[in-house]
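A.B. asks: Okay, here's the structure, questions in a sec.
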Amino acid sequence: MAKSRRDRNSWGGFSEKSSDWSSEEEEPVRKAGPVQVLIVKDDHSFELDEAALNRILLSEAVRDKEVVAVSVAGAFRKGKSFLMDFMLRYMYNQESVDWVGDYNEPLTGFSWRGGSERETTGIQIWSEVFLINKLDGKKVAVLLMDTQGTFDSQSTLRDSATVFALSTMISSIQVYNLSQNVQEDDLQHLQLFTEYGRLAMEETFLKPFQSLIFLVRDWSFPYEFSYGADGGAKFLEKRLKVSGNQHEELQNVRKHIHSCFTNISCFLLPHPGLKVATNPNFDGKLKEIDDEFIKNLKILIPWLLSPESLDIKEINGNKITCRGLLEYFKAYIKIYQGEELPHPKSMLQATAEANNLAAVATAKDTYNKKMEEICGGDKPFLAPNDLQTKHLQLKEDSVKLFRGVKKMGGEEFSRRYLQQLESEIDELYIQYIKHNDSKNIFHAARTPATLFVVIFITYVIAGVTGFIGLDIIASLCNMIMGLTLITLCTWAYIRYSGEYRELGAVIDQVAAALWDQGSTNEALYKLYSAAATHRHLYQQAFPAPKSEPTEQPEKKKI
């Protein structure tokens, strides 16, 4: 039900608000607080607290309202939660001119503190969703999200990428919180994290994300670019400019960022003062914060959260309600819980992999060129023993070449790439053996010679057994001779036309097994292997008849 109340809130001052509350959850504002909805476990897996999300996003007052999701992300210990609490003050007191509150009032809301260790983990959402009237009279729900800082000492790169990407995918306004400047590594990390988010989303011709705001804290160069949005716009234009004299890598980073976000802006914020930075007991009282910071803070927060600045969350051009946002939250986290996406890698690991793969490619290419000189297409047949000797020598040279290349990652990291090189060289050697054998005139004639021998033997046996009256054996030999003759003609056609090459390979394998000078067991094994490998070809060539009664063996004629 709707309630109008004048409450003393924890951010200082009285405010009169009209809010919708479900009959099940009539709680005063002061009991609202941060709720962790994305939990990063000790094993670096992710868990979504669906029950908490349901309570927040499916309350009767907001579930069918279009939602504005505001998120703050960036490196850890850079004041994200501190900033979020000033956003809360504004949301609770925005109708008041002096919304920042009493100068002696401690700052409360999302948990924050000074120091060097992380405070926020996962993703936290403020438990009260604010209902705000936009300029066109439409009432929208505003959701505030605080995120775990990136690159702390307890998180993997995948943890940081997932939290940043997920918050960017869910939010309609993403505040990228940076300290002192926008450096090239900040842009590269943004490129990595947004690409990790784009991978998890459906492909679309639209830009996947909405508003990105670079918030540069502790800005120390107001004489170059003034504090605020105007100075930030000029600064960002220069920083994200793509020019022809830039390296291709730098151009790609900037093009990628522009391709991901519909709106990109920047705000330059001064340092809050030495008392804030050095006092271990600082609790957020405005009286201890520099006036220049407070002055620009009063500009920044309304610039972000005033009704005309709110961007309704859209996905593929469709406006999303709180109910819909809940479903997207569930769908996205399932993707990151699985193994469908590649794990992001550190710059060292990615460089080391590229380094080792390049060394593998160089060594493999060297082996290939030397083998081509020995038994390439225009070279004559080489004795198998000589070919094997050359192979072993060149393989050893390639391994030495790989070991001699300076590679990042160390010996242990390079070991699996050495194994990969040896495996790929062995595969190439098998291909060279086949290529070399094809030049042997006796090898090329093996199949027709074998089939001719089979035809001759079965012809002789059929003649002898027919002469002495063993008609069944004679008929069987005649049948084998006929099938062999058909096989020979088929093989000749395949060699001439180049069609049905797989069937030709089967015939060659069977002939090779019959030709084999080794033991009978080896020949039978080769026959069995050929049959098992190409069984589907036999089934296509000789389809089994549909259920018919078994024919009785042909009786001997009297």
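Please read every residue number as a count from 1 along the shown chain.
Cβ coordinates are placed from backbone N, Cα and C, and glycine is handled just like the others.
Below are the features I grabbed from Swiss-Prot:
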- 1-29: region 'Disordered' (REGION)
- S10: phosphoserine (MOD_RES)
- S22: phosphoserine (MOD_RES)
- S23: phosphoserine (MOD_RES)
- R77, K78, G79, K80, S81, F82, R217, D218, V276: GTP binding site (BINDING)
- S81: Mg(2+) binding site (BINDING)
- K395: N6-acetyllysine (MOD_RES)
- 450-470: transmembrane segment (TRANSMEM)
- 472-492: transmembrane segment (TRANSMEM)
A.B. asks: Compute the C-alpha separation of R217 (GTP binding site) from K395 (N6-acetyllysine), stating it in Å without decimals.
C.D. replies: 57
A.B. asks: Among R217, K395, all listed as recorded positions, which has the most CB atoms within 10 Å of its CB?
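C.D. replies: Top count of Cβ atoms within 10 Å goes to R217.
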A.B. asks: Could you measure between K395 (N6-acetyllysine) and S81 (GTP binding site) for me? Cα positions, answer in whole angstrom.
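C.D. replies: Roughly 59 Å, rounded to the nearest whole number.
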A.B. asks: Given the binding-site residues S81, V276, which one's Cβ is surrounded by the fewest other Cβ atoms within 10 Å?
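C.D. replies: Lowest Cβ count within 10 Å among the binding-site residues (S81, V276) is V276.
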